[in-house]
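Notes follow the structure.
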């Protein structure tokens, strides 16, 4: 009896195990069948959508205007080339429109497709008006996305890198601001056939990623959107425009240009504190500073396009050059008057010639005796001369000529009044110029000169 019960339990356990395995196998088969059914349904929907579809014709042809809604997500902005007046931007460009021919009904509400389907349906012929070169990314496959909803609304997204023109006004360089446009629209369809609109409100239609700035010399202040109509010989076309507002960073130019110019001007004014007789030293100061300013002015223009007007930096360099050249002219003036022997009051200084002193004759006891003659008669040999020697005795005595008190002579080892005046005038004028210059440009409100589409 016990053996029978054990056998029954074993049979019951085996039956449960077989039942579980059977249900699991049936579930897997059911899932595979369901997946196979979904794939089949998906394929049938696509085949039915493309059956009789002509991608050469726009949606609503002859009935309505095709509305294309767009928005842009900027993944990378920059770099910006001042010399070529262009910038590079990497974007996800999204377009959405409605095509009633692509309506469908099925278990899914959205068909998520790739670029293969995009080539079989009608898509807008959008191009960039100010684009110099546009590249659609194809690695590892074309970076395109297509989604079709059951009511026939399509979302078409692609990744693009665009190099576009950016007209720049460099009058305020390097304190300038710019509005770089990105213009796009239909190439073949006029506004009577295809119109463009922004998907969202203007503030959200164009978004820049937080880490999307690739700018070394600019700050991206923001972006604005606009739309307009452009008239051409083939009709009127809708043009969508996005302006990216840029402000230049001045730090690089302060280090590379402004500070060297200021130091060069200060160095040229050091010569005012040297003696006017130090011709070699003052000449070296003047010539060296002039050549330095010439080199700085040339290097400052290398990174800029050859514009026909003067920039703010050009005016600063020109004034600094004028100060340096004026310091050299000032030394030439001082040296001219020094060589001519003229002082500041206009009186000439004539060096006094030394007077010749003649040997005087001294009269003594009605007898002239040469003061510088040393004559001793030999009285022993000539006794007759004893009497003469008594009456005419030679007294060798040095007689000093009468001299007048010397007048104080003017010396040239002094400071010129021109130098004294220049020591005050040059630094004062240069300081006033810097005060006016920086106050004018740094406190100026940015004036964004953005070209507007023709209405």
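Residue numbering: from 1, along the chain as shown.
Using N, Cα and C of the backbone, Cβ positions are placed for all residues, glycine too.
Per Swiss-Prot, the feature signal peptide maps to 1-27.
Sequence annotations record features per position, and here Swiss-Prot assigns topological domain 'Extracellular' to 28-253 (among others) based on a curator's inference. Looking just at the topological domain 'Extracellular' (28-253), the mean pLDDT is 91.
If you look up Swiss-Prot, you'll see 38 (among others) marked as N-linked glycosylation site, on the strength of sequence analysis.
What Swiss-Prot lists as 4-aminobutanoate binding site is 94, 157, and the listing cites similarity to another entry. Non-local contacts of residue 157 (4-aminobutanoate binding site) by the CB criterion (under 8 A, 6+ apart in sequence, same chain) comprise 92, 93, 94, 95, 144, 145, 146.
If you look up Swiss-Prot, you'll see 138 (among others) marked as N-linked glycosylation site, on the strength of sequence analysis. Residue 138 (N-linked glycosylation site) counts 11 other C-beta atoms within 10 Å of its own C-beta, drawing on all protein chains shown. Reduced to three states, the DSSP call for residue 138 (N-linked glycosylation site) is coil.
Taken from Swiss-Prot, the feature disulfide bond applies to 166-180, supported by similarity to another entry. Counting only same-chain residues six or more apart in sequence, the Cβ atoms lying under 8 angstroms from the Cβ of residue 180 (disulfide bond) belong to 80, 87, 164, 166, 243, 244, 246.
Same-chain residues lying 6 or more positions outside the transmembrane segment (254-274) and placing a CB less than 8 Å from one of its CB atoms are 281-282, 285-286, 289, 292-293, 296, 299-300, 313, 316-317, 320, 323-324, 327-328, 330-331, 419, 422-423, 426-427, 430, 434. Among the features that Swiss-Prot reports, transmembrane segment is placed at 254-274 (among others).
The topological domain 'Cytoplasmic' annotation in Swiss-Prot covers 275-279 (among others).
Per Swiss-Prot, transmembrane segment is recorded for 280-301 (among others), and the stated evidence type is similarity to another entry.
Swiss-Prot lists 302-311 (among others) with the feature topological domain 'Extracellular'. Away from its own ends, the topological domain 'Extracellular' (302-311) comes close to residues 82-85, 170-174, 318 of its chain (Cβ-Cβ under 8 Å, at least six residues beyond either end).
Remote same-chain partners of the transmembrane segment (312-333), defined as residues 6 or more beyond its termini with a Cβ less than 8 Å from a stretch Cβ, comprise 171-176, 253, 257-258, 261-262, 264-265, 268-269, 271-272, 282-283, 285-287, 289-290, 292-294, 296-297, 300-301, 418-419, 422, 426, 429-430, 433, 437, 441. Under the heading transmembrane segment, Swiss-Prot lists 312-333 (among others), citing similarity to another entry as support.
Annotation source Swiss-Prot lists topological domain 'Cytoplasmic' at 334-420 (among others).
The feature transmembrane segment is assigned by Swiss-Prot to 421-440 (among others), with similarity to another entry given as support. Counting same-chain residues at least six beyond the ends of the transmembrane segment (421-440), those with a Cβ under 8 angstroms from any Cβ of the stretch are 262, 265, 269, 272-273, 315-316, 319, 323, 326-327, 330.
The topological domain 'Extracellular' annotation in Swiss-Prot covers 441-455 (among others) and rests on a curator's inference.
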Tertiary contacts of the transmembrane segment (280-301) (same chain, 6+ residues out, Cβ under 8 Å): 256-257, 260-261, 264-265, 267-268, 270-271, 274, 313-314, 317-318, 320-321, 324-325, 327-328, 331, 335
Residue counts (helix, strand, coil, in that order) that DSSP gives for the topological domain 'Cytoplasmic' (275-279): 1 helix, 0 strand, 4 coil
